[in-house]
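Annotated features, as they stand in Swiss-Prot:
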ACT_SITE  Thr4  active site
BINDING   Ala159, Cys162, Thr165  Na(+) binding site
Amino acid sequence: MEGTTVIAVRHQGRVALAGDGQVTFGNTVMKHKARKVRRLYQDRVLAGFAGSVADAFTLFEKFEAKLETYHGNLQRAAVELGKEWRTDRFLRRLEALLVVADKEHLLIISGNGEIVEPDDGIAAIGSGGPYALAAARALVAHTSMTAGEIAREAMNIAASICIYTNNNIIVEEL
């Protein structure tokens, strides 16, 4: 997924989700202050996206509806969205990834409906994801920073490497 970076960090009993603000169209930067992370379900769930903006908003709406249906149960809502994503002909064409988290779980929901919960409590998606992931793992292992501080610094490192990621970073924490 070209054009963004989103990272989620679970550390010291907290969870933080951070995303950059850059939106690109081909080789052109179209927007610098997009909001790619948001709070859902009574501010108890964090979600971020990488990929097509229109597709991501469709998935946010679907995921939020699943959260309502399953009373904020993140895992159940993710599994049900994954099932629908795999079986619905329209949804299968959507090009986006979601990273979602609550106080207990952190999940990546992929475009083919797969759901992955990382072992180390760190997940990153988008073109700058590998850089942010590596930075966050190092910061968790070698600093006493908070989850929010780690997410922000990992995003800054990714933005210094990935041309599709800027340093207009929004961090949400639970």
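Glycine residues also receive a Cβ, built from the backbone N, Cα and C atoms like all the rest.
In this structure, the C-alpha atom of Ala159 (Na(+) binding site) lies 9 angstrom from that of Thr4 (active site). In three-state terms derived from DSSP, Cys162 (Na(+) binding site) belongs to neither a helical nor a strand segment and is classed as coil. All protein chains included, Ala159 (Na(+) binding site) registers 22 other Cβ atoms within 10 Å of its own Cβ. A Cβ within 8 Å of the Cβ centre of Ala159, Cys162, Thr165, the residues given for Na(+), is found for these other residues of the same chain: Thr5, Asp20, Gln22, Ser127, Gly128, Tyr131, Ala132, Met155, Ala158, Ser160, Ile161, Ile163, Tyr164, Asn166, Asn167. Here the C-alpha separation of Cys162 (Na(+) binding site) and Thr4 (active site) works out to 9 Å. In sequence order, Thr4, Thr5, Asp20, Gln22, Gly126, Ser127, Gly128, Met155, Ala158, Ala159 constitute the residues six or more apart from Thr165 (Na(+) binding site) in its chain with CB-CB distances below 8 Å. Around Cys162 (Na(+) binding site), taking its Cβ as the centre, 22 other Cβ atoms fall within 10 Å, counting all chains.
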